[in-house]
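Novice: Pasting the feature list from Swiss-Prot:
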type	residues	note
BINDING	Cys146, Cys149, Cys199, Cys202	Zn(2+) 1 binding site
BINDING	Cys163, Cys166, Cys185, Cys188	Zn(2+) 2 binding site
DOMAIN	4-69	domain 'J'
REPEAT	146-153	repeat 'CXXCXGXG motif'
REPEAT	163-170	repeat 'CXXCXGXG motif'
REPEAT	185-192	repeat 'CXXCXGXG motif'
REPEAT	199-206	repeat 'CXXCXGXG motif'
ZN_FING	133-211	zinc finger
Amino acid sequence: MKRDLYETLGVQKSADEKELKSAFRKLAMKYHPDRNPGDNEAEKSFKEINEAYETLKDPQKRAAYDRYGHAAFEQGGMGNGFAGGGAHGFSDIFEDIFGEMMGGRQRRSSGGRERGADLRYNMEISLEEAYSGKTAQIRVPTSITCDVCTGTGAKPGTSPKTCGTCQGTGRVRAAQGFFSIERTCPTCGGRGQTITDPCTKCHGQGRVVEERTLSVNIPAGIEDGTRIRLSGEGEAGLRGGPAGDLYIFLSVKPHEFYQRDGADLYCAVPISMTTATLGGKFDVTTLDGTKSRVTVPEGTQAGKQFRLKGKGMPVLRSSQMGDLYIQIQIETPQKLTKRQRELLQEFEQISSKENNPESAGFFSRMKGFFDTLSE
């Protein structure tokens, strides 16, 4: 009895496309023949993994498998009636009837070449790295063109042959009652070619799974959520087809002191009550490592902002710079000594409305408001 395809990949039946691809890559790296030379069981597992993924990654084939199981792909179960002869399975009919109606024909170029899949890589950087920019080295597990057969899938010294069933088109026509429907060629699988002597390294696929090290240029001023495209650095195409692209999705880690809004930075700085009252100065270290002095005038209130022009983030692909805003927070003294408490009580006694005009005016206005309501 054939093994369940979901069990083969080690995923749940509800697994999405991302989970399927992740499981496939992990298992393909583990059981690849290059990593297990002479191990027949590993080679068998590798083939089963490939077959399971090829079926489940295709929404139409997956729907057929979920409904009918392996019977959906057994050959010869639906009779003959397709131009060119040869047995065919339910999967072909399912694909033709529904795939053609819904525009589901797989795009192929001449010779069965297929474009490789696009890949996604998530990268996290610090705010300092986003400020200065950097060149990062990343390791990406992906399918690359087989260096033995150069992507043809055929053993060196041999070549793929034009499929005799479809004459190289990859499609054959089928009679379905009163209709004539075109379907994928059952002999070559739509490639238009057949390989009688496959490459021993890639087993006729034209590509192998390996890890590659790539350099990624992160420009100064890049923002959280930016996507960088590396053209042609995705999965290698099948049978010599063009490679897909690699997309780097960047996220900038939260900073301990700075918050970012576009090219501007904000920093909340706590100061003492006496500094806010009497005035003072302090230094802040900016992202470029330099220090900038902030002068606090006497009588500064909580929430006051001071602007340091040009001390924010670089504007992407520009010579302009954002600004840095210092937001004042006033820290109230805690755990006072007896002498400190006496001094503050004395200060309270000699204070006047002129010293605290906002609070004095507020309570006066509030009292007047409620007195008016009670009249």
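Backbone N, Cα and C atoms are what each Cβ position is placed from, and that goes for glycine too.
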Novice: Could you pull out which residues elsewhere in the chain have a CB under 8 Å from any CB of the repeat 'CXXCXGXG motif' (146-153), counting only those six or more residues past its ends?
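Specialist: Residues 159-160, 195, 198-202, 204-208, 236-241.
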Novice: Using an 8 Å cut-off from the Cβ centroid of Cys146, Cys149, Cys199, Cys202, can you name the remaining same-chain residues around the Zn(2+) 1 site, in sequence order?
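Specialist: Same chain, not in Cys146, Cys149, Cys199, Cys202, Cβ within 8 Å: Asp147, Val148, Thr150, Gly151, Thr152, Gly153, Ala154, Pro198, Thr200, Lys201, His203, Gly204, Gln205, Gly206, Arg207, Val208.
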Novice: Other Cβ atoms within 10 Å is the metric here; tell me which of the binding-site residues Cys166, Cys188, Cys199, Cys202 scores highest.
Specialist: Cys202
Novice: So, three-state DSSP: helix, strand or coil for Cys188 (Zn(2+) 2 binding site)?
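Specialist: Going by the DSSP assignment, Cys188 (Zn(2+) 2 binding site) belongs to neither helix nor strand, so it counts as coil.
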Novice: Cys166 (Zn(2+) 2 binding site) to Cys202 (Zn(2+) 1 binding site): how many Å between their Cα atoms?
Specialist: 25
Novice: So among Cys163, Cys185, Cys188, all listed as binding-site residues, which is physically nearest to Cys202 (Zn(2+) 1 binding site)? Use the C-alpha atoms.
Specialist: Cys188
Novice: Whose Cβ, among the binding-site residues Cys146, Cys149, Cys163, has more other Cβ atoms within 10 Å than any of the rest?
Specialist: Cys149
Novice: Suppose we draw a 10 Å sphere around the Cβ of Cys185 (Zn(2+) 2 binding site). How many other Cβ atoms does it contain, all chains included?
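Specialist: I count 26 other Cβ atoms within 10 Å of it.
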